[in-house]
Amino acid sequence: MAKNTKKIALLTGGGDCPGLNAVIRAVTRTAILQYGYEVIGYKFGYRGLYNNESIPLTLDTVSGILHKGGTILYSSNKDNLFDYLVEENGKMVKKDVSDVAVENLKKEGVDTLVVIGGDGTLTSARDFARKGINVIGVPKTIDNDLAATDVTFGFNSAVSVATEALDRLHTTAESHHRIMLLEVMGRNAGWIALESGIAGSADVILIPEIPYDLNKIVEKIGEREKEGKLFSIIVVAEGAKSKNGDVVISKIVEDSPDPIRLGGIANKLALDLERLVKDHEIRSTVLGHTQRGGNTSTYDRILSTRYGVAAVELIAQEKFGNMVCLKGDTISYESLENVIGHTKDVDPNSELVKVARSIGISFGD
Ligand code: F6P
């Protein structure tokens, strides 16, 4: 039988996301107030675990952070300890250094590691569980593309930022009779574009799951003109692509487990449309990391708090190797073995896409 947990360590990995601090706070408060556990946090994700760099997490350290985006523990989306860049004989080589992490956990007397992250970070969490470490996962990503949970925290905050941007673009687009493009995040899944597009009353939503045809977008702009609407708003996910084209890559981040960074589709589309739409100026805005920064939405504060409390309850019940998740209205859990690599894309036949189409939004298809 697993021994009684007395000391919990937390880490946050991958791209940051609103709600990380709320989870850190909820785990720490529940662990201390309900169970009297000791809590520490490793800095910079798995790198901190490798370097044994941690801070104590107390009621004081987690005070005043509920609403703040980012993570007081910092994060890294490069450090996979199962394939880690180390210097050996003057050369940089990739090695499995996970045993160093296991040793550090032992030295520190950590009974359970709570890992807050997306698919990459949770893959390592599963691999540490396979090495016998007591691990609990908490799913995060603004992209909302993890299949095992109905919602990841951070998504609602990102959608709110994108919706506000669309509201702001509307007023200026209308004044100048312009076509305005807004590029939002979403590499493989178009959830942010879809939901902000509906909430922010976009005329066209372009997502990776529904490849677009430029002529259909031009048609939609023309239809609006006939209705006397002399401006149009297009929200485009960074991973959107045309029927015969490919995604637009902005940079390659070496050492990242997922090195391709997308970006630039809105500018490309603006140039493409300029050739076909003569009587309007076209402008594009790239929302970028504003979608991940700033304050956490009320929905995400509550979801993150629920996840944090649930993570500690799993520890108390010794249900290790699991990830907390939301199914419908209920907080539940799923084995880390089953959650990895299962992504959740927008189903082109889903109710939400149909809703958008019903009210006249075009997907450019
Ligand atoms: O997965 C979250 C995400 O925000 C994506 O939507 C985006 O493509 C990517 O991370 C950006 O990563 P980085 O912050 O490393 O540029």
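These residue numbers are counts, starting from 1, taken along the chain as shown.
Each Cβ is built from the backbone N, Cα and C atoms, and glycine gets one as well.
What TrEMBL records for this protein:
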DOMAIN    7-315  domain 'Phosphofructokinase'
BINDING   GLY15, LYS78, ASP79, GLY118, ASP119, GLY120, THR121  ATP binding site
BINDING   ASP119  Mg(2+) binding site
SITE      GLY120  site 'Important for substrate specificity'
BINDING   THR141, ILE142, ASP143, ARG178, MET185, GLY186, ARG187, GLU238, ARG283, HIS289, THR290, GLN291, ARG292  substrate binding site
ACT_SITE  ASP143  active site, proton acceptor
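Overlay of TrEMBL annotations on the structure.
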residue: GLY15; record: ATP binding site; DSSP (3 states): coil
residue: LYS78; record: ATP binding site; DSSP (3 states): coil
residue: ASP119; record: ATP binding site; DSSP (3 states): helix
residue: THR141; record: substrate binding site; DSSP (3 states): coil
residue: MET185; record: substrate binding site; DSSP (3 states): coil
residue: THR290; record: substrate binding site; DSSP (3 states): helix
Rounded to a whole number, what is the top Cα to Cα distance in Å among the residues the record ties to ATP, namely GLY15, LYS78, ASP79, GLY118, ASP119, GLY120, THR121?
13
Binding-site residues whose CB lies under 6 angstroms from ligand 1, from ASP119, THR141, MET185:
THR141, MET185
THR141 (substrate binding site): which of the binding-site residues LYS78, ASP79, GLY118, THR121 is the nearest Cα neighbour?
GLY118
Can you figure out which of GLY15, LYS78, ASP79, GLY120 (the binding-site residues) comes closest in space to MET185 (substrate binding site), comparing Cα atoms?
GLY15
Please average pLDDT over the domain 'Phosphofructokinase' (7-315) for the predicted structure.
96
I'm trying to understand the geometry here, so how far is the Cα atom of GLY120 (ATP binding site) from the Cα atom of ARG292 (substrate binding site), in Å to the nearest whole number?
18
For ARG283 (substrate binding site), what is the secondary structure state per DSSP, taken as helix, strand or coil?
strand
Tertiary neighbours of THR290 (substrate binding site) (same chain, Cβ under 8 Å, six or more apart):
VAL161, ALA165
Let me make sure I understand the span of the substrate site: among THR141, ILE142, ASP143, ARG178, MET185, GLY186, ARG187, GLU238, ARG283, HIS289, THR290, GLN291, ARG292, what is the greatest distance between any two Cα atoms, in Å?
33
May I ask for the distance between ARG283 (substrate binding site) and THR121 (ATP binding site), taken between their Cα atoms and rounded to an integer number of Å?
37
Run through the Cβ atoms and count how many others sit within 10 Å of the one on ASP119 (ATP binding site).
20
Given the binding-site residues ASP143, ARG187, ARG292, state which is nearest to GLY15 (ATP binding site) when distance is taken between Cα atoms.
ARG292
Which of the binding-site residues ASP143, ARG187, ARG292 has its Cα nearest to the Cα of THR121 (ATP binding site)?
ASP143
